[in-house]
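Annotated in TrEMBL:
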TRANSMEM  B:38-61  transmembrane segment
TRANSMEM  B:81-102  transmembrane segment
TRANSMEM  B:114-140  transmembrane segment
TRANSMEM  B:160-182  transmembrane segment
TRANSMEM  B:221-241  transmembrane segment
TRANSMEM  B:261-281  transmembrane segment
TRANSMEM  B:302-322  transmembrane segment
TRANSMEM  B:342-360  transmembrane segment
TRANSMEM  B:372-396  transmembrane segment
TRANSMEM  B:416-437  transmembrane segment
Amino acid sequence: MSDAHSNSKFLVGIYDDDDVVLQAVKDVRKAGVKIHEVYSPFPIHGLDVALGHPRTKLGIAAFLFGLTGTLTAILLTFYTEGYDWPMIVGGKDSYSPIIYVPIFFELTVLFSALGMVGTFLLSNGLGPTVKPLMYDLRTTDNKFAMTIDMSKNDIGEGDIEGILKRSGAAEVNVKQF
Amino acid sequence: MSHVTSAVRTPLVTGGKTYADVTEDISRQVEGKPTREWTIAFTIAVVVLIYGAACVFWTWWEGLGVWGLNKTVGWAWDITNFVWWVGIGHAGTLISAILLLFRQKWRTAVNRAAEAMTIFAVICAASFILMHMGRPWLAYWALPLPNTLGSLWVNFKSPLVWDVFAISTYFTVSLVFWYMGLLPDLATIRDRARSKVSRYIYGAFSLGWNGSAKTWARYEYISLILAGLSTPLVLSVHTIVSMDFATSVIPGWHTTIFPPYFVAGAIFSGFAMVQNLVLIIRVVFKLEDYITVEHIESMNKVITLTGSIVGVAYLTEFFIAWYSGVEFESYAFINRATGPYWWAYAAMMTCNVISPQLFWSRAIRRSVVWTFTLSVIVNIGMWFERFVIIVTSLHRDYLPSSWAMFHPTLFDISDYIFSFGLFFTLFLLFSKFLPVVNMAEVKTVIKSSSEKLPASVSGVAKGERVTNPTFNKNID
């Protein structure tokens, strides 16, 4: 996992509501605490912005993979029907790009989708043998967890706990990884 | 956040559910022992599958002569079944992708089952492609692979080759879309698993999902792009299927209206099948609070719209056949309506054009019994539509001396039955081992759709009914 830290101590603030955790992220960051990550059972719109995460570049990956698909389709059809085995069917030229549009389209979509999803899995460190670092198992059910890496913060543990509780955390737990 | 919505909107989830309730209600059938109903249904499906598989094996062993095909009618039930199943496979991606792009939140309760239906329906469709090849072990000939005959390649100018690319791309992208949507829910099941085996299996399939904000942001982003990619894909697949016919010179097939008409028909039959499946699911798995009458009504509206488009297409075909002045074309359509297969044409018109118009009545649109019945009728009608297009166009073409009738044999029928066995076996396995409703997505709409908000939301007391909601500025 990309977020695995050995021998790090984490404070885990557990929240009951997504609106509360979204506001809490803003409040906790305002108080000068560096947030490691927030875990939730469903996507919370605006949370990545509140956490200051940069915008994902997966769209660029999708475009580039799509372009690769189009080029592959052009090369495939040109090599096979325009060069290696030219055939005139129905009076059409042996290589007539318009008639290959369905092939261009399908391969563009296929390469784009598979390439983007593959990039997504790689960039998030997801795979069949990956053991996830779970700060609280309830975050895939009904709870929201804000994790604070104590090694990355200069503020004391007690103070951070207070800030988390004031921000609406129902409980604050300590986790050691 | 788009949690609080207009008071005029009816709730998408009823029963005042909490996030924990969603997990509990939907995970129940995955975590518990199979119910008696499921076991009975699964046994029947497997028996049908085994019988059908034996018939398919015999079809391949003996050759396609066991079907009722002849020199004139070279395509009949095989391609009818193929187009029918591919059509059914369109609603899943439509619900997932197009409705996601249109921000139709009612899709969340039905998208998982619809996507699963898509995957299984496309598998059934592909099985007929393999069947009609007669020699399925040579199926790889349809792929652009260098072969021992020299530099002989597939003909990329043929819509049949476009079909190979379209169907395989559609299947792959739909599978990826479905699987990506499953990841968060698989993680939920993994974290609730009691046995080591299920923790291991769901752990492996959830790919180490932990629901971090970064992962969710990227996940939402790729979901949107996948939806953007899948939307034209849905349209392309059935457009290309229609071109299998439209680029030919057979009267009744050679029509430019086929692409949009086939796409509308596909969505029409796909939604009807979704209705059949979710109506059973909601009762068997007690999911009435998640798959509500509102969802059923919304889908019925799509059925009414697409059914009307199909009706207009039928009339347009007739008009163009007359207006073209081509006597072969005119005859093909007159023969459809009044020839020896008039009963198939009548079934098609009744089931597809007349019956969905009953959904203009609000009471019928919101009735579970009516919806189920009419959805079955629509699916029957759509099968007849493909039969009418294929068989009635082929059986009488330019040369009266070659005119012939098609009569299905036991193997035509049994191979069709095989596809039902395959479809329902796969669907029942899915419904037992995977959550049939997308838990993560339903949780995102629960506040806007539930009657109660949690106490922790400032300004709203626990259990208080939101009668005058305020719009949040962070609306997505």
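Glycine is no exception: its Cβ is also placed from the backbone N, Cα and C atoms.
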Most Cβ pairs under 8 Å with the transmembrane segment (B:302-322), selected from B:114-140, B:221-241, B:342-360: B:342-360
Beyond the flanks of the transmembrane segment (B:160-182) by at least 6 residues, Cβ under 8 Å: 86, 89, 92-93, 96-97, 111-112, 115-116, 118-119, 122-123, 125-126, 129, 142-143, 154, 205, 219, 222-223, 226-227, 229-230, 233-234, 236-237, 240-241, 243-244, 434-435, 438, 441
Closest-packing stretch to the transmembrane segment (B:38-61), where packing means Cβ pairs under 8 Å, from B:81-102, B:372-396, B:416-437: B:416-437
Other parts of the chain folded back onto the transmembrane segment (B:261-281), taken as Cβ under 8 Å at six or more residues beyond its ends: 83-84, 86-92, 94-95, 110, 113-114, 117-118, 121, 234-235, 238-239, 241-242, 287, 291, 295-296, 299-300, 302-303, 306-307, 309-310, 313, 316-317, 352, 356, 368, 371-372, 374-376, 378-379, 382, 385, 427, 431, 436
For the transmembrane segment (B:342-360), sequence-distant contacts whose Cβ falls under 8 Å of one of its Cβ atoms, 6 or more beyond its ends: 265, 268, 300-301, 303-304, 307-308, 310-311, 314, 336, 370, 374, 377-378, 380-382, 384-385, 387-388, 391-392
Sequence-remote partners of the transmembrane segment (B:221-241) [C-beta within less than 8 Å, at least six residues beyond its ends]: 83, 86-87, 90, 93-94, 96-98, 100-101, 159, 162-163, 166-167, 169-170, 173-174, 176-177, 180-181, 259-260, 262-263, 265-266
Cβ-Cβ under 8 Å with the transmembrane segment (B:416-437): same-chain residues at least 6 beyond its ends: 26-27, 29-30, 34, 38, 41-42, 44-53, 55-56, 77, 81, 85, 109-110, 112-113, 116-117, 119-121, 123-124, 127-128, 182, 185-186, 188-189, 277, 281, 285, 287, 290-291
